[in-house]
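Student: Handing you this structure, nothing more for now.
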Amino acid sequence: SGESGAGKTESTKLLLQHIMNLCKGNLQLEQQILQVNPLLEAFGNAQTVMNDNSSRFGKYIQLRFHKNTVRGAKLSEYLLEKSRVVQQDTGERNFHIFYYMFAGLSTVEKEMYGLLDPSLYRYISGRFGTQDVVQHWKHKYQEVCNALDMVGFQEQEQVDMQAILAGVLSLGNVTFEPEERDGSVKVSEASRGWLKAAAVKVNTLSLLVCCLLCFPWSPSVSCCCSPCADARDSIAKVAYSRVFGWIVCKINELLAENVDPEVELREIGILDIFGFENFAVNRFEQLCINLANEQLQHFFNHHIFQMEQSSYKEEELPWETITFNNNEPVLNLLLAKPLGLLSLLDEQSAFPQATDKTLVDKLNSSFKGNLHFEPGRGHVLGFSIIHYAGKVQYMAGGFLEKNRDTLPANIRGLFINSITPLLNELRLTLVVVKCGDEALLWLAELLILLCPHQHSLMVLMERMYSANPHFVRCIKPNSQKEPGVVDSQVVLLQLRYNGLLETIRIRRDGYSWRPSFEEFSER
């Protein structure tokens with residue numbers, strides 16, 4: 001654990017290499033496990049203002065052993081930041097894989113996928129990069145291709161995967177305009193070429209045509225195109241996240257242990273999860289990330305302080321209690337039912353008439369006087385939470401939409417008959433439901449059949465509490481992303497809010513090494 005940019009992912013890779021070096025055995029399997037990280041980084045990491053290679057998802061790698069030899073592995077992924085596909089703030093980028101493709105694909109391959117100059121795509125923000133950066137991306141693209149080959153992805157699967165990614169980029173350039181005759185919405189003339197390109201790649205033409213037949217809008221309504229743009233972005237996010245989920249499922253198929261079910265396997269699990277974030281603008285995604293870090297900090301406190309000191313008391317050892325910064329009140333603010341922040345967010349999300357403003361009003365009234373909650377000042381639509389690592393101000397715009405995480409109900413659904421085999425495998429299916437002759441309301445539901453095991457933070461925390469944990473605390477040396485520079489104030493702040501000064505004290509004054517009686521007797 002540690003804040004964004006502290007070195008968690010790099011430490012995870014070093015730890016994996018170290019473990020693999022210790023357990024010489026199935027070399028092919030070990031190489032495949034080591035190749036998983038570059039592959040996941042390409043599809044799940046991105047540049048942020050805090051970190052040039054920031055994990056935008058959490059991953060838990062389970063290594064399974066028999067007689068000190070690794071026999072298989074399993075990967076679980078949590079909370080991919082899908083919104084990054086369609087929107088990035090200033091100084092940030094989309095997921096690495098898009099830039100790697102532009103740098104690494106040949107001219108012929110780009111023509112095959114319909115890729116043009118990267119500066120033309122709305123989903124690719126900022127300058128493309130200097131020549132040195134492009135060369136680095138080109139090298140990374142080759143690394144990804146090698147990883148896909150080694151882990152076992154077929155050539156056609158790789159082609160389909162990149163075709164979908166290219167289609168997602170084209171989809172982002174589709175825009176909408178009011179129809180002069182009746183005020184309905186149509187795809188703008190200028191973006192019909194992008195619509196055609198997206199349809200060839202991801203077969204979304206049918207999906208987007210449905211936007212033309214939304215409810216008749218009054219021409220005077222200035223935001224009439226907004227639902228169609230939201231639908232476009234929702235399709236892009238769904239397509240990307242399903243590709244990512246498919247990659248994880250495919251990895252697990254290939255790395256699964258091939259042993260007799262009766263053989264008892266031991267396990268080492270490595271959790272590499274996104275670090276605490278506090279940007280100039282913090283949104284729903286930062287709230288989810290910081291909640292995960294609050295839970296991990298509580299887990300750390302539980303093991304290092306509560307369990308440790310209770311065992312001293314049980315054995316009646318002379319001990320002066322060490323106090324620590326308990327973040328349980330923050331978790332209660334966020335997770336309590338039925339009046340915690342997330343419960344109230346779910347409640348508001350269930351009301352069709354609710355807006356981000358009604359949500360903020362509800363939070364302000366519910367948490368008035370709470371020491372860990374501050375209402376937004378002035379006309380700011382937001383609120384602040386005093387986390388274990390400090391105060392973070394959240395902008396509430398988009399909270400309800402992102403929490404609902406669905407395709408808008410006013411899209412007219414048509415069946416996808418995809419020409420891309422991978423999309424058939426992902427089973428993106430649209431169901432058309434006519435809800436009434438008078439209203440002419442059609443509901444489009446996206447039914448995605450994923451791998452059978454859905455993971456959540458709750459499942460993750462249950463897994464953590466059932467294990468024998470070792471904590472690797474990563475400390476960020478400075479806030480400028482500079483090598484070889486240690487800012488003592490930045491370091492000290494992290495030592496304090498992580499509880500590491502108290503941890504040092506409990507390790508110094510307590511009993512940091514505790515052999516069993518048998519070990520002690522033998523020595």
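Placed from the backbone N, Cα and C atoms, the Cβ positions cover glycine too.
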Student: Do you know which of 158-180, 273-295, 434-456, 457-479 TrEMBL annotates as region 'Actin-binding'?
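Tutor: The listed stretch tagged region 'Actin-binding' in TrEMBL is 457-479.
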Student: Looking only at the domain 'Myosin motor' (1-523), report the model's average pLDDT.
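Tutor: Mean per-residue confidence for the domain 'Myosin motor' (1-523): 83 out of 100.
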Student: Given the ATP site residues Gly2, Glu3, Ser4, Gly5, Ala6, Gly7, Lys8, Thr9, which other residues of that chain have a Cβ within 8 Å of the mean position of their Cβ atoms, reported in sequence order?
Tutor: Asn51, Gly275, Cys474, Lys476
Student: Count the other Cβ atoms sitting within 10 Å of the Cβ of Lys8 (ATP binding site), across every protein chain shown.
Tutor: 23
